[in-house]
Amino acid sequence: MKKRHLLAPGPTPVLPDALLAMARPILYHRGPEYEALLGRVRDGLKFLFQTKHEVLLFTSSGTGGMEGTVVNTLSPGDRALVIRSGKFGERWGEICEAYGLQPQYIDVEWGRAVDPDTVAAALAADPAIKVVFATHTESSTGVLHPIEAIARIVGKTPAILVVDAIMSLGVADLPMDAWGVDVVVGGSQKGLMIPPGLAFCAVSDKAWAMVQQSRLPKFYFNFLAERKSLEKNQNTFTPAVSLVMALHESLAAVRAEGLAALFARHDRLARATRAAVRALGLELFADPPTPALTAVAAPPGIEAGAIVKTMRTAHGITISGGQAQLKGKIFRLAHLGYADESDVVLCLAALERTLTDLGYPIKLGEGVRAVQEVLSQAG
Ligand SMILES: *Cc1c(COP(=O)(O)O)cnc(C)c1O
């Protein structure tokens, strides 16, 4: 018998109360019970996104929220700026290009964060830029980008700032209104502790003004129609009712824990993981790192895929390897959502065994000891 543990950066383990909610009989989505539930979900989403603005909700994976944002803010021929530092930054560009736009790119070395000054320079050089597309946690590299500083720069221009926060929603602080971010895109299967299938788009007044003018083609992802429906506690099309029921539970858990405690928990788990990686003599890949996951460079002579495979087959733990140009070079340990101290201890213990299995010289217990040292500190 082998117990399985999911420690990959999405989907993440599901909150037990959310699993139970999905087992309940389905609700009619035009009936009073669902409308009351959606009303509470709307409030919970505003709390989570730290905004007074409406948070739109779509039945799709997170990428649907990204595509919806592109087609609802821009028009043919519009100028856009895409910060590209990994798979998900690239995705913003791919969506823009799919709709015939030719965005300008800021290319950042994978594993590093964008320098906000380069965003300021790009906006100064091309004042016609209408939208800046950024990523909070770049999941493919494990980097956390300086969104607050970028928001301060974009806020002084007519452009809006759109942030893919799919990996970091409910994990790393992103106070939308306080920082002045215009669109925040989220997804259900990362920090929110529920299965894949829901995307969220929170939209500021400055962004709504652009939505009113936008002329790119759209049908399913129509922000104006969706806002109108939500104001009546409805969705335009049949929503994934069971997922919304699960979301209701996860938002209640977020509120009960409180945002400050939620972010502090993730920060602790991330610090413990990084300390252990260093204690084992391995190299961290991302600078600065996100609290959602830890990207680790595979040690010399070992293919990252072998680590991922041995973790799964010999020790029952699912982690992720690298994507695209990082395939074989890094592996990624996730510690977000329904994750606590025991998960990090377990993960590092299995990593030590895996490295030993693969013949890499480490002292068993050194990573776990570093984890314990961080976790036993107050705060
Ligand atoms: C997971 C993720 C996405 C969206 O992926 P989907 O598979 O469409 O849900 C987008 N951006 C980031 C940063 C992610 O981590």
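For all residues, glycine too, the Cβ spot is worked out from N, Cα and C.
Across the residues of the domain 'Aminotransferase class V' (28-324), the predicted structure has a mean pLDDT of 98. Among the features that TrEMBL reports, domain 'Aminotransferase class V' is placed at 28-324.
In this structure, Lys190 (N6-(pyridoxal phosphate)lysine) belongs to neither helix nor strand by DSSP; it is coil. Summarising the annotation, TrEMBL assigns N6-(pyridoxal phosphate)lysine to Lys190.
Look at Arg332 (substrate binding site): DSSP puts it in a strand. Within 10 Å of the C-beta of Arg332 (substrate binding site) there are 26 other C-beta atoms, taking all protein chains into account. The substrate binding site feature in TrEMBL is assigned to Arg332.
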How long is the line from the C-alpha of Arg332 (substrate binding site) to the C-alpha of Lys190 (N6-(pyridoxal phosphate)lysine), rounded to the nearest angstrom?
14
Applying a 10 Å Cβ distance cut-off over all chains shown, what neighbour count does Lys190 (N6-(pyridoxal phosphate)lysine) have?
28
